[in-house]
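Peer 1: First the structure, then my questions, so here it is.
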Amino acid sequence: MAPARAGCCPLLLLLLLGLWVAEIPVSAKPESMTPSQWFKTQDVQPSPQACDSAMRNINNYKKWCKDLNTFLHEPFSSVAATCQTPNITCKNGHKNCHQSHRPVSLTMCGLISGKYLNCKYKEEHQNKSYIVACDPPQQGDPEYPLVPVHLDKVV
């Protein structure tokens, strides 16, 4: 009977660890930022930078290598203006998404190797339209009627 119990505990610990890790969403924003501020940090980059250095700023908040990230090479004000286009349905079914009127320069960064503090990324430069989710601004956000809070899709 004892060997069966001994085999159970490591599995139980592994299950509990898995549940604990599942509670931390990869896209969770830092507590000190509004959703719009986190969007700007993660997805708005008016002047293109190499992915390895650009992702370092994002990864430092999370303390791990983010798998994939897209940077829009537009000023925040231009992305916020997209929030004034007609509403469309987001991937999650919510109706607060908006599509850009035109394609923009963007960079997609995909993790290829490394562990936190030494993350290596492959970059892909494209000109595409994008879809963002927008919400009313919170305290500390720029004063626009709606502000972008999530990059939903590149189209």
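Just so you know, glycine gets a Cβ as well, placed from its N, Cα and C.
The active site, proton donor annotation in Swiss-Prot covers His150 and rests on similarity to another entry. As annotated by Swiss-Prot, substrate binding site applies to Lys66, Asp67, Leu68, Asn69, Thr70, Lys91, with the evidence given as similarity to another entry. Taken from Swiss-Prot, the feature disulfide bond applies to Cys65-Cys119, Cys83-Cys134, Cys90-Cys97. Annotation comment: Swiss-Prot describes 1-28 as signal peptide, evidence class sequence analysis. Under the heading site 'Ancestral active site', Swiss-Prot lists Asp43.
How buried are the listed features, and what sits near them?
Peer 2: Within 10 Å of the C-beta of His150 (active site, proton donor) there are 24 other C-beta atoms, taking all protein chains into account.
Lys91 (substrate binding site) falls within neither a helix nor a strand when secondary structure is assigned with DSSP, and so counts as coil.
Taking a C-beta cut-off of under 8 Å and a sequence gap of six or more, Cys119 (disulfide bond) has these contacts in its own chain: Asp52, Met55, Arg56, Asn59, Cys65, Lys66, Leu111. A coil conformation is recorded for Cys119 (disulfide bond) in the three-state DSSP classification, outside any helix or strand.
DSSP assigns Cys134 (disulfide bond) to a strand in the three-state reduction.
Counting every protein chain shown, 18 other Cβ atoms lie within 10 Å of the Cβ of Cys90 (disulfide bond).
For Asp43 (site 'Ancestral active site'), the same-chain residues that are 6 or more apart in sequence and have a Cβ closer than 8 Å to its Cβ are Asn69, Thr70, Phe71, Leu72, Val79, Pro148, Leu151.
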Peer 1: Between Cys134 (disulfide bond) and Leu68 (substrate binding site), what is the CA-CA distance rounded to a whole number of Å?
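Peer 2: Spelling it out, the Cα of Cys134 (disulfide bond) and the Cα of Leu68 (substrate binding site) are 21 Å apart.
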Peer 1: Are there residues of the same chain, six or more positions away from Leu68 (substrate binding site), whose CB falls under 8 angstroms from its CB, and which are they?
Peer 2: Met108, Cys109, Gly110, Leu111
Peer 1: What Cα-Cα separation, expressed in whole Å, is found between Lys91 (substrate binding site) and Cys97 (disulfide bond)?
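Peer 2: Given the Cα positions, Lys91 (substrate binding site) is 9 Å from Cys97 (disulfide bond).
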